[in-house]
C-alpha cells in the first residue's frame, strides 16, 4: 500500500481517523513512521525485516473488542503525533517501539493476579500482563527473519531493550500515581540532558498515548468507549462467576458510559496531559483542549440523563400515589 501525501501529513495529527484503515494499510503507515523518524537508517534496520516484524506483531494480536491491533496502531500513531508536535524526534526509538508492541490478552493484570493465573505466578504478581507483552515482543524479535535489532551495536541494543521494557511496564495503570508523582517532582527543573528525567518523560508520554482516545474527535473517540466497556463487562462478569473482586468501573451494574468517561477524563486524563503541557505548551490546543471539550460534552449528557431519570421517577411516583388513592 502506497501512502498519499495527504495521509503522510495527517499521520502527524491527533485528529487522524484510525477507523478508516484496513490491517495492511495500518502496517504501511507504521512502516512509514519508522522510516520518517530515521530509525531504519540510524539503526541499519533491513526494510524487509521491518516489514516481517510488523506483520508478525500484527498477527500476534487477538480479536479482542478493545485490546487489538487497531488499538496498537492508535497508540503508535498518537505517539508519532506527540513526537512531531513537541519536536521530540530523539525519543523515537524506544517510544515508537514501545507503542507498537503487543497488547495481547483480554483480561487486565488485576484479574490475572486475583485469579492466580499462570502469568501472575510467572511474574510474581508484578505487572503480569505488561511483562507478558514484553516477552512476546522480544520473542518475535529473536527470530532471525524478524530481528530488527540484528545490525544494532550490542551496547546500544541493551539500552534500547531496557528502555522499551521500562516504557511497556509504565502502561500498567497500577503504577499511574507513582509515575505521575515522580514526573511532578522533576517538571519544575526538568533537565533534557539528565537520563533519569528523560526516562520519566518517556514513561508519561507512553501512558498519555496509551489512553489518549478522548483527545481524538468525538466520532473517532466514542466507538472506543463502547469497545472498552465491552471488555470491562466481560472481565467483571467472569470475576463475579469465579467469586473474585470486581472493580466498580468495570461492573455493568454500577457504571454507565457517561459516568465512566466523566471520571476518567476529569481525574486521569486532564491532570496528566496538563502536566505534560507545562513542559510542552504546544500541546495545549491539539491535545489538552479536546479533553476539556470531551469532558464538557459528557457532563451535558449526564445532565440530560439525570433530568430524564427525574422525570421518569416523578411519573412513577405519581402513578403509584394515584393507584393508592383508588
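Even glycines carry a Cβ here, placed using N, Cα and C.
The domain 'PDEase' annotation in TrEMBL covers 1-305. On the 0 to 100 pLDDT scale, the model's mean across the domain 'PDEase' (1-305) is 87.
According to TrEMBL, the active site, proton donor annotation covers 67. Neighbour density for residue 67 (active site, proton donor): within 10 A of its CB lie 22 other CB atoms from the protein chains shown.
Of all the Cβ atoms in the protein chains shown, 19 others lie within 10 Å of the Cβ of residue 68 (AMP binding site). The AMP binding site annotation in TrEMBL covers 67, 68, 69, 70, 71, 103, 210, 261.
Other Cβ atoms within 10 Å of the Cβ of residue 71 (AMP binding site), summed over all protein chains shown, number 20. The annotation Zn(2+) 1 binding site is assigned in TrEMBL to 71, 103, 210.
Per TrEMBL, the feature Zn(2+) 2 binding site maps to 103.
Per TrEMBL, the feature region 'Disordered' maps to 303-326.
Here the compositional bias 'Basic and acidic residues' (303-316) has Cβ contacts under 8 Å with residues 256, 258 of the same chain, all six or more residues outside its ends. Look at TrEMBL and you will find 303-316 tagged as compositional bias 'Basic and acidic residues'.
Across the structure, residue 261 (AMP binding site) and residue 67 (active site, proton donor) are spaced 18 Å apart at their Cα atoms.
Across the range of the compositional bias 'Basic and acidic residues' (303-316), the DSSP-based residue counts are 14 helix, 0 strand, 0 coil. Local packing around the binding-site residues 69, 70, 210, 261 was summarised as the count of other Cβ atoms within 10 Å of each Cβ; on this measure the leading residue is 261.
Recorded residues residue 67 (active site, proton donor) and residue 210 (AMP binding site) have their alpha carbons 11 Å apart, per Cα-Cα distance.
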